[in-house]
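Q: For reference, the structure I am asking about is given below.
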Amino acid sequence: VHLTGEEKSAVTALWGKVNVEEVGGEALGRLLVVYPWTQRFFESFGDLSTADAVMKNPNVKKHGQKVLASFGEGLKHLDDLKGTFAALSELHCDKLHVDPENFRLLGNVLVVVLARHFGKEFTPELQSAYQKVVAGVATALAHKYH
């Protein structure tokens, strides 16, 4: 991912304020509600029958936190996202058979959730930087599919 020094600083500064548990659960929950076909990967999570059930589901929250913690690790290695996410890419490709398009969808949902949580602080410039990052992470996670 090519970010300017200013963009890297802004992305890192905002990430330091992110409540990974809250934002992760909301982002994964929104993915499952907005794109319901993604629920098939989470059948073991229990009740996903309504938007309310999804958003309150403790398994969704827990996995969302795990996903966002991994994303945060990626922010520490922006110059080597493919290396950082190689094992996760292999897992999602070979064992879980996740459609790599879902990584892009989740990245876009994450940007929406960050905008919701940070309001005016989430400027268009910061959104642009985060869009670059989530696109880079999605590409890295899809790497083993090629």
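Using N, Cα and C of the backbone, Cβ positions are placed for all residues, glycine too.
Keep in mind that this is a model prediction, so the values were computed, not measured.
Pulled these features from Swiss-Prot for this protein:
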type    : residues     : note
MOD_RES : Val1         : N-acetylvaline
DOMAIN  : 2-146        : domain 'Globin'
MOD_RES : Thr12        : phosphothreonine
MOD_RES : Ser44        : phosphoserine
BINDING : His63, His92 : heme b binding site
MOD_RES : Lys82        : N6-acetyllysine
MOD_RES : Cys93        : S-nitrosocysteine
MOD_RES : Lys144       : N6-acetyllysine
Q: In three-state terms from DSSP, label Val1 (N-acetylvaline) for me.
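A: The residue in question, Val1 (N-acetylvaline), is coil (DSSP, three-state).
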Q: Any same-chain residues 6+ apart from Ser44 (phosphoserine) with CB under 8 Å of its CB? Would you list them in sequence order, or say none?
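A: For Ser44 (phosphoserine), the qualifying residues are Asn59.
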Q: Where does the residue listed as 'phosphothreonine' sit by DSSP, helix, strand or coil?
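A: SS state of the residue listed as 'phosphothreonine' = helix.
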Q: Going by Cα-Cα distance, pick out whichever of the recorded positions Val1, Thr12, His63 is nearest to Lys82 (N6-acetyllysine).
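A: Of the recorded positions Val1, Thr12, His63, Val1 has its Cα closest to that of Lys82 (N6-acetyllysine).
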Q: Please average pLDDT over the domain 'Globin' (2-146) for the predicted structure.
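A: The answer is 89, the mean pLDDT of the model over that range.
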Q: Sequence gap of 6 or more, Cβ distance under 8 Å: name the residues on the same chain that satisfy this around the residue listed as 'phosphothreonine', in order along the sequence.
A: Leu75
Q: Expressed to the nearest Å, what is the distance separating His63 (heme b binding site) and Val1 (N-acetylvaline) at their Cα atoms?
A: 25
Q: Have a look around Lys82 (N6-acetyllysine) and count the other CB atoms within 10 A of its CB, chains all included.
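A: Total other Cβ atoms inside 10 Å, all chains included: 15.
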